[in-house]
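Sequence annotations record features per position, and here TrEMBL assigns domain 'Major facilitator superfamily (MFS) profile' to 27-450. What TrEMBL records for 94-112, 118-139, 151-171, 177-196, 277-296, 308-327, 334-354, 366-390, 402-422 is transmembrane segment.
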Amino acid sequence: MEEKNKYDYGIKSTLAQCWAISGPWLLHIDLGIQVITSTIVIGTVENNAFKDKNEFLTITSEEASWFGSLQYLFTPLGNVFSSLLLDRFGHKKCMILTNIPCLVAQIILYYAKNVEMLYASSILMALSIGLLKAPSLGYTGEVCEPKLRGTLTSTMTIFYYMGTIILTMMHSITKQWRLTMIVATMFPIMTIIILLTTPESPMWLLANGKPLKAQQNLRRLRGKVSHEKCENEFQEMIKYSVPAKSDEPNDKNDTNALKQLFEPEVLRPFRLMMIYFFYRNLFSLLTLLPYLVSIFNKFGAPVNVEWTISFSMSLCIVGSVMATFLIRTLGKRFLTLLSLSVCSVCYIIIGVIGVNWTNAEPLKSWIVLILFFINNLISSAGLTPITWTLLTEIFPAKSKNIACNISTALFFVITFCMTKYYPDYSHLVEFYNKPKIKPYKKFQRISNRI
């Protein structure tokens, strides 16, 4: 606690840091828009679900699963580009570059005439998402004071869900997914304009031999304080970003980046992040997003599906706001265990009700839907923000960039597998894990017919 409170810059410093990370905030709005895009498009054009006579484009369920998951399959490629560009060009330029494939993808969607164009837009969005995470989270972790870092990083999730709500509500109003896509292009344009006004990370400037510019940017990020007031923090940044020299020829500081990844101080947090990624995907909406329209229809509650999706995302925002306070008061470990327990109970009860409760359909549908909402709220208050907060803090400085990129790439590979094969898994075990006809009975019926 002493380390977190030893810098006292005041409210001007907090406002300056909020202004600096307004670019990453807008990037996460773009991220939410890109992720929820598949929900809007699939919900509209899959077998022409809404029977829109003016819509000429239709896709099958198999094509829908590819469109919904491709943006995660190609995201690691964006991570590779990010790792190659980040150390050379810095966080700010990489964040600006992120908006270009996003903008092009939205324009392609507006003019999409076949499923191949949908696939192309999904791949471009994947590249944008892959380019986004490492520079935005790394930038936030480096420009914020220790006492504000956890809170401000966790707010990224709020803006991500804001992006999903914005696009869903725009589609609910326009009723035309193509018009919704073209209107959404204003967000990457706005993001580029904001990022042009923010300073580069002092840590990156130090690592690239620009100490004067680094100190100048640090003063701006701390509310334009005097040189003397931020000198102690600046000296600590120098110690953190520049490895100590050693006369030993085989010193660990001389090992290359790949060898550093196999050191215990990197492998231990790496394993922990993989566990977090799996359970984060299991209990969050991310892997279910492309199929939310069909999922809410299967619940059977008498609700408008589009506004129900918006309400689900609103609950996720409430959970993210709760997380900004709960992380500091309860701690990451307790909040992780609490959210895991509550989400597991919600899923188990949904399954039990779906299998055993065959009467009172309206009441059953509402209970299942409410439990689903509770799961969304709790996962967004615990697992989701904690996962990305840990990613910015858990790796040592000498391997942070490459470790964050590799971890994020594997996260999206996991997400692709869980998203692409969700329909197959759902068909295999049925929605509530209860096949309507047991395999041996089905075979017996076919044999009797023969």
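Positions of Cβ are set from backbone N, Cα and C atoms, glycine also.
TrEMBL entries are annotated by machine, without manual review.
With a cut-off of 8 Å on Cβ pairs spaced 6 or more residues apart, the transmembrane segment (366-390) and the transmembrane segment (402-422) reach fewer than 3 such pairs and are scored as not touching. Most Cβ pairs under 8 Å with the transmembrane segment (177-196) belong to 94-112, among the candidate stretches 94-112, 118-139, 151-171, 277-296, 334-354.
When Cβ distances are compared across the two stretches, the transmembrane segment (308-327) makes no contact with the transmembrane segment (402-422), since fewer than 3 pairs at least 6 residues apart fall below 8 angstroms. Of the recorded ranges 94-112, 118-139, 334-354, the transmembrane segment (151-171) has the largest number of C-beta contacts under 8 angstroms with 118-139. Over the domain 'Major facilitator superfamily (MFS) profile' (27-450) the predicted model carries a mean pLDDT of 81. Under 8 Å from some Cβ of the transmembrane segment (402-422) lie the Cβ atoms of residues 65-66, 68-70, 72-73, 75-76, 79-80, 82-83, 86, 126, 129-130, 133-134, 137-138, 257, 260-261, 266, 269-270, 273-274, 277-278, 281-282, 286-291, 391-392, 395, all in the same chain and six or more residues away from its ends. For the transmembrane segment (334-354), the residues of the chain that approach it from at least six positions outside its boundaries are 276, 279, 283, 323, 326-327, 364, 367-368, 371-372, 374-375, 378-379, 381-383, 386, 431-434, judged by C-beta separation under 8 angstroms.
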